[in-house]
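Q: What TrEMBL records for Asp243 is active site, proton acceptor. Sequence annotations record features per position, and here TrEMBL assigns ATP binding site to Gly84, Gly86, Arg87, Lys106, Asp118, Gly119, Arg169, Arg176, Asp253. As annotated by TrEMBL, Mg(2+) binding site applies to Asn244, Asp253. Per TrEMBL, region 'Disordered' is recorded for 447-468.
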Amino acid sequence: MPIVFDNRFARKFPEITTRQPIKPDGEVNLRWLNSPLWAELTNGETPPAELSQWLGGLEHCPGSDPVAQKYAGHQFGHFNPYLGDGRGLLLGQAVVGDKITDIHIKGAGPTPYSRGADGRAVLRSSIRELLASEALHALTIPTTRALALISTQGKIQRERVEPGAMLARTATTHVRFGHFEHCFHRGLEDTMHNLWQDTIEVTWPHLADADIEEQFSQVVKSTAEMIAAWQAYGFIHGVMNTDNMSLAGETFDFGPYAFLDDYQPEKIFNHTDAGGRYGLLQQPGVGLWNLQRLAQAISPLIEADKLRAALDTYEPELRKAYLNRMTKRLGMSSVPAKERMQLVGGWLSLLEVNQADYQLAFRDLIDSLEAKEPKGLLAQSGDSWWQEYNNVVNGESDIDVMKQVNPWVIVRTHHAQRVIEAAETGDDSLLHDYVQALMTPFSERLRESPWAKPPTAEEQVSELSCSS
């Protein structure tokens with residue numbers, strides 16, 4: 001195997017892991033490989049012919065030591081101690097120079113934590129996670145990465161019988177808030193301390209010798225910055241349970257996620273989230289609530305007043321990170337912060353009243369600035385905001401920056417559905433083409449691309465399934 005494994009997690013934490021091999025589900029087929037990411041993990045080595053056999057479990061992946069992890073978590077606000085990797089296995093940690101990267105297989109078969117489920121993943125949800133992770137990465141939003149998509153011969157019963165798949169993904173770490181909740185619930189204080197310190201060493205090596213208050217403050221800051229980026233790009237995670245929160249502040253375990261098409265910020269896409277707990281507008285508050293659950297879990301390691309002090313930095317960090325993102329998207333770095341916030345508020349109100357496409361409206365603004373007259377939305381009903389913007393920015397818009405942060409292409413549910421339907425028939429051409437566009441979303445060549453087109457009224461999706 002060209003990847004050099006360390007397997008430190010399996011070695012260090014046997015009390016919260018179970019060793020087991022990938023359980024194959026018939027013959028496998030490599031449908032997509034993230035070639036740039038593979039090159040990073042292997043110092044540019046050519047993918048071996050056996051790769052699909054290794055990742056699909058038909059042969060042991062050389063050097064790996066697969067484990068399923070035990071954790072707990074709050075799901076829709078309620079504590080559940082019975083969670084764990086029910087269908088995923090951590091193959092190990094890939095080592096390239098000083099960098100350590102987790103490699104994980106989703107859909108690897110039942111584990112001791114499957115709670116009666118089949119341990120499998122379907123092609124539909126695997127493709128959706130692949131699309132989201134690579135799109136977020138291209139938008140510079142911290143996220144897990146998709147390494148490889150493998151189809152299996154399995155026929156998986158969900159709402160319908162669906163083709164099976166496995167997704168190989170990478171992350172800085174797969175340690176979740178829920179790992180610490182499990183340790184707290186079970187009284188595993190030594191394990192908790194060792195797990196915390198090991199995760200900090202892997203994620204932020206420069207903080208390895210810092211006190212735990214500074215380390216926890218970094219977790220708070222990274223979580224705030226991640227959620228601020230979600231908000232700035234209209235990304236709705238879908239299932240922000242604490243077991244889906246990465247300690248590294250990376251977008252993790254995508255549920256029925258969505259990027260907004262029309263700017264309807266109160267729209268809920270997860271059909272199991274009847275109360276709207278995890279909608280776009282709720283995400284910042286849920287992020288803090290989840291951090292409070294983490295703080296409670298690690299309370300044996302740090303004094304309560306230090307935990308509170310770190311948590312108090314969450315909202316200022318989120319506001320700062322959000323304003324920084326929106327400042328770039330609206331090209332107004334020369335404007336004082338207070339006026340920038342007013343312009344952002346007015347912009348969002350304009351989009352909501354007109355139910356404008358959230359992504360392409362920013363491109364309308366760029367076109368307007370280049371033409372020196374309102375275009376698109378701004379020509380139709382944005383004259384007042386356009387006047388205010390020009391008065392405040394005073395000809396100093398950062399158009400070049402705007403073009404580097406405002407995508408032509410994002411994951412749109414109607415496009416994803418087309419890709420999935422084609423892949424289910426064995427045609428991967430749309431998948432490869434869409435992923436390539438998502439990896440280069442700011443390219444001007446995509447202006448006329450079919451992938452840039454928002455959905456028609458008939459193509460709008462109001463609900464998404466949580467099954468995967």
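The chain as shown is numbered from 1 upward.
Cβ coordinates are placed from backbone N, Cα and C, and glycine is handled just like the others.
Predicted automatically and left uncurated, TrEMBL annotations should be read as such.
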Q: Do you know offhand how many angstrom separate Arg87 (ATP binding site) and Asn244 (Mg(2+) binding site) by C-alpha?
A: 14
Q: In angstrom units, rounded to an integer, how far apart are the Cα atoms of Asp253 (ATP binding site) and Asn244 (Mg(2+) binding site)?
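A: Asn244 (Mg(2+) binding site) has its Cα 6 Å from the Cα of Asp253 (ATP binding site).
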Q: In the structure shown, which of the recorded positions Asp118, Asp243, Asp253 has the fewest other Cβ atoms within 10 Å?
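A: Output over recorded positions Asp118, Asp243, Asp253: least Cβ neighbours within 10 Å is Asp118.
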Q: Within 10 angstroms of the C-beta of Arg87 (ATP binding site), what count of other C-beta atoms is obtained when all protein chains are considered?
A: 22
Q: Work through the binding-site residues one by one (Gly84, Asp118, Arg169) and name whichever has its CA nearest to the CA of Asn244 (Mg(2+) binding site).
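A: Smallest Cα separation from Asn244 (Mg(2+) binding site) among Gly84, Asp118, Arg169: Gly84.
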Q: Including all protein chains shown, what's the count of other C-beta atoms within 10 A of the C-beta of Arg169 (ATP binding site)?
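A: Summing over all protein chains shown, Arg169 (ATP binding site) has 26 other Cβ atoms within 10 Å.
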Q: Same chain only, sequence gap of 6 or more: which residues have a CB within under 8 Å of the CB of Gly84 (ATP binding site)?
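A: Once residues fewer than 6 apart are set aside, Gly84 (ATP binding site) is near Ala68, Gln69, Lys70, Tyr71, Thr111, Pro112, Tyr113.
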Q: Using all protein chains in view, find how many other C-beta atoms are within 10 Å of the C-beta of Asn244 (Mg(2+) binding site).
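A: Excluding its own Cβ, Asn244 (Mg(2+) binding site) sees 21 Cβ atoms within 10 Å.
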Q: Give the three-state DSSP assignment (helix, strand or coil) for the residue listed as 'active site, proton acceptor'.
A: helix
